[in-house]
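*Asks:* Below you will find the structure I want to go over with you.
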Amino acid sequence: MNPQLSPKAIREIREGTCNPLGAPQVTTDLSENIILTSLDDLHNWARLSSLWPLLYGTACCFIEFAALIGSRFDFDRFGLVPRSSPRQADLLIVAGTVTMKMAPALVRLYEQMPEPKYVIAMGACTITGGMFSADSTTAVRGVDKLIPVDLYLPGCPPRPEAIFDAVIKLRKKVGNESILERTKTEQTHRYITSDHEMNLVFSENTGEYLNKTSANSIPSSKKEKITELPDNNEKAEIIDTLEN
């Protein structure tokens with residue numbers, strides 16, 4: 001090395017040899033306009049800001065949700081856009097009682113929704129069957145027996161403010177998810193509900209139920225066919241016959 005070079009010149013030569021391109025120079029204006037993020041965060045941010053619900057309202061709970069559409073609550077600020085087709089929705093809001101006849105339709109709508117999809121069970125009737133869970137044979141005692149539920153919203157019915165709180169909690173859940181981890185919707189918890197205790201009812205079209213002995217059945221020997229309206233005496237005889 002040339003001994004006539006100054007120490008500063010020698011230092012510059014060494015830095016140029018080790019790093020010929022030099023350190024990148026980023027201006028202050030450019031550094032303030034750069035956001036570093038991950039693919040998961042970007043994807044979740046886009047999804048939580050544009051939840052498209054499919055409204056499945058069957059009872060009075062849906063009236064409270066309909067109040068959100070007005071200007072007083074304005075659910076558009078959360079990016080909620082109601083859809084009429086399950087193929088365009090990613091959020092299913094079940095509001096009201098689910099009956100046995102409507103259960104297949106609910107499951108079909110859920111299966112037609114694309115992944116990832118979420119479910120909010122709104123109201124006591126949706127979560128446990130509500131007032132119909134005690135003696136009704138047609139009400140489903142908990143919608144989580146049919147489809148997985150992400151968020152339970154109790155109430156009879158829940159207030160619109162409670163619905164907003166449920167949507168905010170769901171947005172937090174969506175924001176913490178990962179694309180690689182969420183491959184399929186899986187329910188991690190269940191609401192404690194009572195099981196169904198139903199007996200098979202024989203077809204009334206064939207009349208087979210008349211041949212089955214039960215506590216409420218009438219013996220065939222005491223059955224009478226009434227073709228015209230009986231008088232008071234005949235009514236008393238028929239009642240005595242049925243009681244005996």
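Every residue, even glycine, has its Cβ placed from backbone N, Cα and C.
Annotation comment: Swiss-Prot describes C60, C61, C125, C156 as [4Fe-4S] cluster binding site, evidence class sequence analysis. Under the heading region 'Disordered', Swiss-Prot lists 213-244. Among the features that Swiss-Prot reports, compositional bias 'Basic and acidic residues' is placed at 221-238.
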*Asks:* Please give me the CB contact count at 10 A for C125 ([4Fe-4S] cluster binding site), counting all chains in the structure.
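*Replies:* I get 28 for this one.
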*Asks:* Far apart in sequence but close in space: which same-chain residues, 6 or more away, have a Cβ under 8 Å from C60 ([4Fe-4S] cluster binding site)?
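*Replies:* Expected: G96, P157.
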*Asks:* What number of additional C-beta atoms lies within 10 angstroms of the C-beta atom of C156 ([4Fe-4S] cluster binding site)?
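*Replies:* Neighbour count, Cβ to Cβ under the 10 Å cut-off: 11.
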*Asks:* Show, in sequence order, which residues other than C60, C61, C125, C156 on the same chain lie with their Cβ within 8 Å of the centre of the Cβ atoms of the [4Fe-4S] cluster site.
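*Replies:* Going along the sequence, the neighbours appear as A59, A95, G96, T97, G123, A124, T126, G130, G155, P157.
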*Asks:* Which secondary structure state does DSSP assign to C156 ([4Fe-4S] cluster binding site), in the simple three-class scheme?
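*Replies:* The residue in question, C156 ([4Fe-4S] cluster binding site), is coil (DSSP, three-state).
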